[in-house]
Amino acid sequence: MNYGAADERWANPPQPVAAAEHGPSFDHSMVSEEYEHDKKKNPAQKEGISFSQALLASGHEKSDGKIKLTARSFMEVGGYAVFLIVLVYVAFAQNSIQSYYYSKVMSDLFVASTGASGAPAFGSCTSMDNIWDWLSQVLIPGIYWTETSNSTDNENMIYYENRLLGEPRIRMLKVTNDSCTVMKSFQREIKECFANYEEKLEDKTMVGDGSVDAFIYATAKELENLKTVGTIASYGGGGFVQRLPVAGSTEAQSAIATLKANRWIDRGSRAIIVDFALYNANINLFCVVKLLFELPASGGVITTPKLMTYDLLTYQTSGGTRMMIFEGIFCGFILYFIFEELFAIGRHRLHYLTQFWNLVDVVLLGFSVATIILSVNRTKTGVNRVNSVIENGLTNAPFDDVTSSENSYLNIKACVVFVAWVKVFKFISVNKTMSQLSSTLTRSAKDIGGFAVMFAVFFFAFAQFGYLCFGTQIADYSNLYNSAFALLRLILGDFNFSALESCNRFFGPAFFIAYVFFVSFILLNMFLAIINDSYVEVKAELARKKDGEGILDWFMNKVRGLTKRGKRPDAPGEDATYEDYKLMLYRAGYAEKDINEAFTRFNVTSMTEHVPEKVAEDIADEVARMTEQKRNYMENHRDYANLNRRVDQMQESVFSIVDRIEGVNATLQTIEKQRVQQQDGGNLMDLSALLTNQVRNRESAARRPTITSIADKKEE
């Protein structure tokens, strides 16, 4: 059988259309009417692109406006996917849930535990006496375990599994007694003044004869310490240090008792820092513990616990070789990207940096280079510190440099991962549906910038009001920084209304209601309106554009190709039945309802019969005719809807103009009426004046004869 006459129809099947019972859709017509005349009545099926064509293609735009997939874009997506996998492995290989559990166990032991004789927990210390009790009843028992295990020598071991590295250190920083000035009115009663901590106000004077190291000031260089950041201030690395023995709780208790008896912590003390390090061989993790007591000039104690867990011996484990391989691949990618960016900048000069995604690439490379440098530094620092601790016999273990290098590395690594995932939007935006987010943000950037200024004015006005009005009584408003974040939390529903009300029964509720009204109800809804307006515009604009063929389109075409949907159907063989031919037509893209109607018109009752050549051609013609008829109906209906919408818009415009004309006419009539009234009032005044003058003239004329007669009589 020869089906050559139907080959052209099969090679160029129509696009599937919606069933007639669903009715025409007006959604698309409402947003794409300006370009409806450019659409073809029977557009050809979107051309596909093979894998080999994708590799060999060059960037070009087809005559119908569709952008074809290029070799550069395909290779770029594939290469970046591999880079992202490598980056994620490098970033997360050294992080595990064990790090959290390790920190939590140590926190429960030293921070949350209370003393056997009623000593408060670390966070509950509020006075100097509480600090002494915590040191003797919580810290010492936690570090020195007296119970023994049959299979483990637990000397220097915490929980039988954590080795104590070096001597625990208790460091105290103090200020001089003349670091501030007492007011003259109180100088007779108050002789000493201790200011808040500043490094220039530190008291470095030796206490007593200096026979005990804890009473001799040691510099930061001698202790190998860095600054410690607290809640109130940042404290220097020096201070008066009491080293506890590696083993022996009795000696440690004796040292604490000696310090307490000699009033080692006094009025001038501003910080007590306890630091030590642990190593767990089971999970190959180090835990650096730093517990800070701050003693502000106002009195009391502010506690800050810091427990940081690190993997300092990554390359010495079973997965160390694999980690080195992935890090080497990561460095290779970064080197390739750097050369690529340099060539691009050389071609385009500074204009290259005007594109958003190019700036993202530059930032990503900058963070990546910094990560590589910091990774080398933290590895070198960690290994050197561990070797140093082992060489000195586990007596001295300052880990501040390790903590600093590790934190810097982790922070920059987090930035690299974040920017790398943001860049994924660059590739998924090749499809117009996926590009709506980025296009919406780009279009609304100017409006959001203006909104941000207005929001900042309102926000910081409320923040300053809260700080000034409630700062002395509510912790959330104790400073401007806390006040700003308290207001941000209020937007999310996290607030303490009772505290505001108890602080000020008038301004508290008024402040809360005003902030919720202006910020939550007005400003946030304005922000959503800006985003929504931009999204509607972007969606309408993208609906008017013709579909391009990007990475996602190429992938979906391959998936459709696997199911043979949208492909040219093979001509039915001699043994093909009506059921087979129906399936071929359906796979070619025709609507199932049109196929069934065509089969019904040709009185096809048995689907197992063979398809004659003539009947096959007639059925194909009928299905194509019905599909084309429906498409024309849809196009005409869409044109009618667009025309109807435009007429409605014109009507609204005309009615608006008429309303404005009527308003102007009413205004003119009012003005004319006022002018006439003013003119009538003026005429009445003129008439009244004229009548008054006439009356006066008549009265004068009437008086004259009388006066004349009187004068004549006098003369006589």
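Including glycine, each Cβ sits where the backbone N, Cα and C put it.
Annotation comment: Swiss-Prot describes 1-44, 696-716 as region 'Disordered'. For 1-10, 30-41, the entry in Swiss-Prot reads compositional bias 'Basic and acidic residues'. Marked as topological domain 'Cytoplasmic' by Swiss-Prot: 1-72, 346-355, 431-447, 532-716. Sequence annotations record features per position, and here Swiss-Prot assigns transmembrane segment to 73-93, 325-345, 356-376, 410-430, 448-468, 511-531 based on sequence analysis. Residues or ranges marked as topological domain 'Extracellular' by Swiss-Prot: 94-324, 377-409, 469-482, 498-510. According to Swiss-Prot, the feature N-linked glycosylation site maps to Asn150, Asn177, Asn377, an assignment based on sequence analysis. The phosphoserine annotation in Swiss-Prot covers Ser534 and is backed by experimental evidence.
Where Swiss-Prot records a feature, it is marked here on the structure.
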residue: Asn177; record: N-linked glycosylation site; Cβ contacts under 8 Å, 6 or more apart: Glu192, Cys193, Phe194, Asp203, Arg267, Gly268
residue: Asn377; record: N-linked glycosylation site; Cβ contacts under 8 Å, 6 or more apart: Ser405, Tyr409
residue: Ser534; record: phosphoserine; Cβ contacts under 8 Å, 6 or more apart: Thr440, Leu441, Arg443, Ser444, Asp447
Long-range CB partners for the transmembrane segment (325-345) (under 8 A, at least six residues beyond its ends), listed in sequence order, are 79, 82-83, 86-87, 89-90, 93, 352-353, 358, 361-362, 364-365, 368-369, 372, 375
Which listed stretch (73-93, 356-376, 511-531) has the most C-beta pairs under 8 A with the transmembrane segment (410-430)? 356-376
Looking only at the topological domain 'Extracellular' (377-409), mean pLDDT returns 88
Determine how many residues of the topological domain 'Extracellular' (377-409) DSSP places in helix, in strand and in coil. 25 helix, 0 strand, 8 coil
In the same chain, who gets a Cβ under 8 Å from the topological domain 'Extracellular' (469-482) while lying at least 6 residues past its ends? 463, 489, 496, 499-500, 503-504, 507-508, 511
Which sequence-distant residues neighbour the topological domain 'Extracellular' (498-510)? Criterion: at least 6 residues beyond either end, Cβ under 8 Å. 469-470, 473-474, 476
Long-range environment of the topological domain 'Cytoplasmic' (346-355) - Cβ separation under 8 angstroms, sequence gap at least 6: 362
How do the residues of the topological domain 'Extracellular' (498-510) split into helix, strand and coil according to DSSP? 10 helix, 0 strand, 3 coil
